[in-house]
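Lifted from TrEMBL, the feature list:
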{"type": "BINDING", "residues": "LYS20, THR179, ASP180", "note": "ATP binding site"}
{"type": "BINDING", "residues": "SER60, ASP147, ASN159", "note": "substrate binding site"}
{"type": "DOMAIN", "residues": "287-370", "note": "domain 'PUA'"}
Amino acid sequence: MNAISVSRQRLCRGQRWVIKIGSALLTNGGRGVHRSAISAWVAQMAALRARGIEVVLVSSGAVAAGMDRLGWRRRPESIHQLQAAAAVGQSHLVQVYEQAFGDFDIPSAQILLDHDDLSNRTRYLNARSTLRTLLSLGSVPIVNENDTVVTDEIRFGDNDTLAALVANLVEADALLIMTDADGLFSEDPRENPRAELIAEASALDPRLLQVAGESRSGLGRGGMATKVRAAQLAARSGACTVIAGGAREAVITRVCAGEPLGTLLLPEAGPLAARKRWLAGQLQVRGAVVLDRGAETALLERGRSLLAVGVTGVEGCFRRGDLVSCRNSAGREVARGLVNYDSRESLRIQGQPSEKFIDLLGYRDDDELIHRDNLVLL
Ligand SMILES: Nc1ncnc2c1ncn2[C@@H]1O[C@H](COP(=O)(O)OP(=O)(O)O)[C@@H](O)[C@H]1O
Ligand SMILES: N[C@@H](CCC(=O)OP(=O)(O)O)C(=O)O
């Protein structure tokens, strides 16, 4: 085999992948849930899990599967009919996945999200904790949009965007978008068979959106434009994106092994730097915590998380998930981060070790007041 390029080597090192499968692929172009293809993808994901690589699956296909089940030939226009088709299709899809993952003794888990879940900080953090817990339990979460309850204003619009937001949420190293085209081409290959594959580019290259067109299958919603935008979103938290043909033999295994399949879209900054910049730019500061000398040193010199035991003061009114300022005893802001306990809880646990949280709060969630992944040093 040819030498693996440096950027593909970066993919091979990925320990957490979000893999998105589009509707046309999942339903074999609208011919019902494609069980044999699902079994083959699941076998490859199981092999990744066996190597310790974590996988979150974002699966479309509920509407397409529901349409098939209900005998509808054309995608309905009415939102309620779409929602009904999604409800029928989703339970069928999940049952097929559950069986396929069950063959490898992997517990799959259904997660249905809407936009509110990711824009509201508390729900964002809860979704994040649940996904992380599922991954640590060896499960493969299967995410889709909660089509049955969403209305126009709150829908993600497409699962490419949802997959990118999930990649941000779980801080994935890589996002693999599997579709019915072999990657991003210089033009839609359905229109021009001589269009050329773009093997690699910066996710932020503005020329990509000029060549990325709409979906034409009548099954999916996004087309290539939403896949490129998804790669841009994923890049915000430092994830690489590959857009690849899901019908290719052993596509997941080969992409993860660094084979030059599909289109690789790269972020400009490294994962942690990108994520922290994203955090810092995203939110307003809602309050402050004051650190003792030990906590200040732990954060600034040892890259540690902030523990409540090193906090001597709490100011302002903030909720779990808000951005708070961390000040040293001289009043200088030394860091900012997303806090795991609200201001009332923080007041109760300040200066205390995490073993006392249950006595003080009646429960214990995270051991850290602010996890180091959610801290930006200033
Ligand atoms: N530049 C392009 N390169 C590749 N495919 C393109 C391009 N522009 C538009 N497309 C279309 O995007 C489709 C894939 O998007 P979509 O139908 O939404 O798939 P999915 O259901 O997997 O999300 C391809 O089948 C292709 O017709
Ligand atoms: N939530 C919808 C997803 C629709 C969608 O974005 O489809 P696709 O463009 O095929 O990824 C469903 O499951 O049908």
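Cβ coordinates are placed from backbone N, Cα and C, and glycine is handled just like the others.
Selection of the binding-site residues ASN159, THR179, ASP180 by a Cβ distance under 6 Å from ligand 1 yields, in sequence order, THR179, ASP180. Fewest Cβ neighbours within 10 Å among the binding-site residues LYS20, ASP147, THR179: this applies to ASP147. Looking only at the binding-site residues LYS20, THR179, ASP180, the one with its C-alpha closest to ASP147 (substrate binding site) is LYS20. Per-residue confidence over the domain 'PUA' (287-370) averages out at a pLDDT of 94.
In this structure, the C-alpha atom of ASP180 (ATP binding site) lies 13 angstrom from that of SER60 (substrate binding site). Distance between Cα atoms for LYS20 (ATP binding site) and SER60 (substrate binding site): 8 Å, as a whole number. Between the CA atoms of THR179 (ATP binding site) and SER60 (substrate binding site) there is a gap of 11 Å. Among the binding-site residues LYS20, ASP147, THR179, ASP180, residues whose Cβ is positioned under 6 Å from ligand 2 are identified as ASP147. For the binding site of ATP, formed by LYS20, THR179, ASP180 according to the record, the largest Cα to Cα distance is 12 Å, rounded to a whole number.
Each of the binding-site residues SER60, ASN159 was scored by the other Cβ atoms within 10 Å of its Cβ; the lowest score goes to ASN159. The residues of the domain 'PUA' (287-370), classed with DSSP into helix (H, G, I), strand (E, B) and coil, number 28 helix, 24 strand, 32 coil.
There are 19 other CB atoms within 10 A of the CB of ASP180 (ATP binding site), with all protein chains counted. For the substrate site, whose binding residues are given in the record as SER60, ASP147, ASN159, the maximum C-alpha distance rounds to 11 Å.
In the three-state DSSP reading, ASN159 (substrate binding site) counts as helix.
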